[in-house]
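Features as listed in TrEMBL:
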- 12-31: transmembrane segment (TRANSMEM)
- 13-468: domain 'Major facilitator superfamily (MFS) profile' (DOMAIN)
- 77-96: transmembrane segment (TRANSMEM)
- 108-126: transmembrane segment (TRANSMEM)
- 132-149: transmembrane segment (TRANSMEM)
- 170-196: transmembrane segment (TRANSMEM)
- 208-228: transmembrane segment (TRANSMEM)
- 275-293: transmembrane segment (TRANSMEM)
- 320-340: transmembrane segment (TRANSMEM)
- 352-370: transmembrane segment (TRANSMEM)
- 376-401: transmembrane segment (TRANSMEM)
- 413-434: transmembrane segment (TRANSMEM)
- 440-463: transmembrane segment (TRANSMEM)
- 482-548: region 'Disordered' (REGION)
- 503-517: compositional bias 'Gly residues' (COMPBIAS)
- 534-548: compositional bias 'Basic and acidic residues' (COMPBIAS)
Amino acid sequence: MLETTSQFGFLKFLVVAGVGLFGDGYLNLSIGLGIPLSFPVPYSLKTFLTLPVVPMLGYLYFADEENKIPTLPADTIKAALSIGMIVGQLGFGILGDALGRHRIYGKELMITILGTLLCVLMPWRGFSHHDVIAWMSVFRVLTGIGIGGDYPMTSALSAEHNPLHSRAKLVLAVFASIGLGGFTAGITYLVLLAAFKSSVDHNIYHLHWVWRLLFALGLVPLIITLYFRLTMPESKPYQQYVAEETSLKKDGRRGLHEQFQDFKTYFSEWKHAKVLFAVSMCWFLFDIAFYGVNLNQSVILSRIGYGKADTPWGTLWNTAVGNIIVAAAGYLPGYYIGIFLPDWIGRVRQQFYCSAVVAGLYAIWAGVLTDSSTSTGGLIAIFTLAQLFLNMGPNCTTFLLPVEVFPTRVRGTAHGIAAASGKAGAIVTAFSFAQLTDAIGLSAVLGILAGIMALCAACTLLIPETKGRTLDEIEHGILYGESRSPGVSSDSDGESYKTKPGLGAGRGVRGGNGGDGGDGDSSPVLDGSTSVRPKWDMDADKGRGVGV
């Protein structure tokens, strides 16, 4: 049983829960690293903005097309993973709420492993152009479903397990596995390139070994931890607030119908729907800016000497080293700095201030980019700071807030909707950035991104602060000023206590009184007098004095 009330339990949960997001970072960056720019196509911004998997396939399968895949098939491959992630985020979020975390967790990892393995096993020779496009697109969609499903499942479980020190720190420590996975992919790619240098120089088709091994090595930690995910117990909040509510079960088991009813009832109130809109819009806007700045990294890499080289291998090496520089400069540090900010300044302030800073940096970048006298060091500084504030601010909080502002019954579904909104923003950027840059110029695009981040900061003000709130308080609507009428429930030790129905007990999401009335008491009360909280929620306070 995975508990986080000891140091060993904390580390074990961190590894098991984080490995899926580690795979997300690893496989996403592997797709970018393992697929270099077409050769000998000139190194330009537009060429760089083509998803890197496309040029690699151009090397190996499209020699008769001058090593390039046509635009429409290339865009199909480019969109496949993101489309799959949207399906996974929505589907697994709903299923995790309807059927329970335990019954669903681990299935998304199986899908990720299967999809990636089938990509690796694509035939080396004998495939037509259409076969290559169809194979990669279909199985990248499958991989995306698994990766996407990890977002709502892992975030909900991380928030609902007893953290050793802080709920926010545990959720974000797990989330930081994405950055670690991406950095690991970059290092692994460098090692593989060095190992196959002479082979690739002699025969370009030996690149097959490089990208296939890169993907396959990323599967190792996923396979090792699969068993522990499949056997992870149900979270205690889900047991107490959802599974034990027999009035919401059908034949002793909760299903999709009950879940849809809960979702409809809860979000039919504007104060709840407004927050769902806000967290979803913030993630959508953030991903547009986040992927926009990552697409801009070609400008920086070319200025510091990591653009096209004289040989295909040299170009690949420069791309790999350049990506590691980018990761080390602001990408990876931002993840780990962001872990400590929510309990210090609050989630809403963290997202608001960092978004505002990024908006300013984008505006400055737009102003100096057209100035040929701007130093390379200045551009690197702006780029690094933008990466740092993006990752330690909204990149962390857009993942954290959706699991803290909603109760257990709709937590996974709400997080899935927010995450899918973010991925939709990434798709918008991927398909529109190159064309928009050609039409109005990169400086104007950066100006638009500055406005988008300012709008993200504004939407953040619609989200309630969760700093200092326990899961029990969140469960019973304290964030929304809700009150409840007494009902009877029990804590994790089986002790009976009275609680307001809301989402903690009783029929429906808000209870029979629709959330109106009651005495306004925010905590369960034993025999109507003594204020208590569930034991699993009080355990989270040990060592820190407050449940955050």
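If you go along the chain as it appears here, the first residue is 1 and each next one adds 1.
Glycine too: its Cβ is placed from the backbone N, Cα and C atoms.
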With CB pairs under 8 Å as the measure, which of the listed stretches 77-96, 108-126, 440-463 comes out on top against the transmembrane segment (12-31)?
108-126
Whether the transmembrane segment (320-340) meets the transmembrane segment (108-126): three or more C-beta pairs under 8 angstroms:
no
Can at least 3 Cβ pairs under 8 A be found between the transmembrane segment (208-228) and the transmembrane segment (132-149), with each pair 6 or more apart in sequence?
no
Would the transmembrane segment (275-293) and the transmembrane segment (376-401) count as touching if the test is at least 3 Cβ pairs under 8 Å, pairs 6 or more apart?
yes
Have the transmembrane segment (170-196) and the transmembrane segment (77-96) got at least three CB pairs under 8 Å, pairs 6 or more apart in sequence?
no
Is the transmembrane segment (108-126) in contact with the transmembrane segment (352-370), using at least 3 Cβ pairs under 8 Å (sequence separation of 6 or more) as the test?
no
